[in-house]
Amino acid sequence: MFAATRQSSRLARSFSTSARANTRVAVLGAAGGIGQPLSLLLKLNPLVSHLSLYDIRLAAGVAADVGHCNTPSTCVGYGPENDGLKKALEGAEIIIIPAGMPRKPGMTRDDLFNANASIVRDLAQAAAEVAPKARIGIIANPVNSTVPIVAEVFKKAGVYDPKRLFGVTTLDIVRASAFLSGIAGTEPKDTNVPVVVGHSGPTIVPLLSQLPAGKKVVEQGGETLAALVKRIQYGGDEVVKAKDGAGSATLSMAYAGADFTDSLLRAMKGEKGVTLCTYVESPLYKDQGVEFFSSPVELSSEGTVAKIHPVGDLHPTEQKLLEACLPDLKKNIAAGVKFMSA
Ligand SMILES: NC(=O)C1=CN([C@@H]2O[C@H](COP(=O)(O)OP(=O)(O)OC[C@H]3O[C@@H](n4cnc5c(N)ncnc54)[C@H](O)[C@@H]3O)[C@@H](O)[C@H]2O)C=CC1
Ligand SMILES: O=C([O-])CC(=O)C(=O)O
């Protein structure tokens, strides 16, 4: 069932282990296209002890349904009535936020800003009040801007800890693994492509040269390389187009979101050296005015940021992609900060 990538083998391993931990996870936006399968995958993860599912619609139904899976964790759904959001957040140690509008064909992720900025702001405000110490994973787009919005909310509430805030870019890593192994004939689980910078078009920068299979493609250059990089950067558009108005990636995103959460859970359970590419407040390009950046991040035993690794050796083509997109990322971050100062 889960045989496709390194991420998946980890999930399969955690499903089959008898280990149990006691981590409480809240999913905000749990009844959506991502929220439902993500909640299911989290219900299957033995490192989760309790799942709180919040949505403005249907959360009770999703929780009742998912809750019938015979895994040890408990699962409760909450709607907005009777302080449901605050109840969902009480005691949460990990909060995952896929709430928000998805794209339709012809839209960019930035076109979602107006719809999603206030949704994410309001959910973050509740999290800052009720569960300020939780680790927060932001899936809602545009991630490049929604993460800075959450940071500003937490700063305003006086509870900001940059080590606890993550933008979920895992789907870019999953896609890069799937697409490169499809070309190179390698095992997806052994084809781990770091993807750095951010999460939209040009700010998705795969570092193919950092693994043997990718290095070959990079050195060959030409059409194959150009098409592969483009497919990784615009994988989201491929799904939006194929779904033809019915939304964007949901199932692969749920898989990626479950993997992201599993990384935090494993680190919290004591696994050493858990490292993943994720979008965090980062010193790496701060001197160029870029405050948030995705690069390999090593987690602490608290499931928080322990060490932000630099991007490592880049092929000149990768260096060019990275440098070219920093001004875009800077604008995306500024838009989030401006929204919160308005
Ligand atoms: N980070 C990433 O790699 C990816 C991010 N996304 C983004 O994830 C978001 C969700 O996508 P889908 O699940 O496909 O959308 P969807 O429309 O199927 O689900 C969104 C859910 O959010 C809920 N919601 C709306 N406002 C809410 C609020 N104030 N509080 C709680 N819940 C609320 C809706 O009721 C709905 O159930 C979109 O912004 C999409 O662009 C999608 C794929 C990949
Ligand atoms: O493309 C979108 O709008 C959703 C997304 O972020 C992705 O699939 O990477």
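Every residue, even glycine, has its Cβ placed from backbone N, Cα and C.
Curation does not apply to TrEMBL; its annotations are automatic.
The secondary structure of His199 (active site, proton acceptor), as reduced to three states from DSSP, is coil rather than helix or strand. Per TrEMBL, the feature active site, proton acceptor maps to His199.
TrEMBL lists Gly29, Ala30, Ala31, Gly32, Gly33, Ile34, Gly35, Asp55, Asn116, Ile139, Ala140, Asn141, Met253 with the feature NAD(+) binding site. Over all protein chains present, the Cβ of Met253 (NAD(+) binding site) has 24 other Cβ atoms lying within 10 Å. Secondary structure at Met253 (NAD(+) binding site), taken from DSSP and collapsed to helix, strand or coil, is helix.
Its Cβ placed at the centre, Arg103 (substrate binding site) has 21 other Cβ atoms within 10 Å. Taken from TrEMBL, the feature substrate binding site covers Arg103, Arg109, Asn141, Arg175.
Among the features that TrEMBL reports, domain 'Lactate/malate dehydrogenase N-terminal' is placed at 23-167. Broken down by DSSP into helix, strand and coil, the domain 'Lactate/malate dehydrogenase N-terminal' (23-167) contains 65 helix, 29 strand, 51 coil.
Per TrEMBL, domain 'Lactate/malate dehydrogenase C-terminal' is recorded for 169-339.
If you take the Cα of Gly29 (NAD(+) binding site) and the Cα of Arg109 (substrate binding site), they are about 18 angstrom apart, rounded to a whole number. Between Met253 (NAD(+) binding site) and Arg103 (substrate binding site), the C-alpha separation comes to 14 Å.
It is 12 Å from the Cα atom of Gly33 (NAD(+) binding site) to that of Arg103 (substrate binding site). The maximal spread of the NAD(+) binding site, taken as the longest Cα to Cα distance among Gly29, Ala30, Ala31, Gly32, Gly33, Ile34, Gly35, Asp55, Asn116, Ile139, Ala140, Asn141, Met253, is 18 Å. Ranked by Cα separation from His199 (active site, proton acceptor), the binding-site residues Gly35, Arg103, Asn116, Asn141, Arg175 are led by Asn141.
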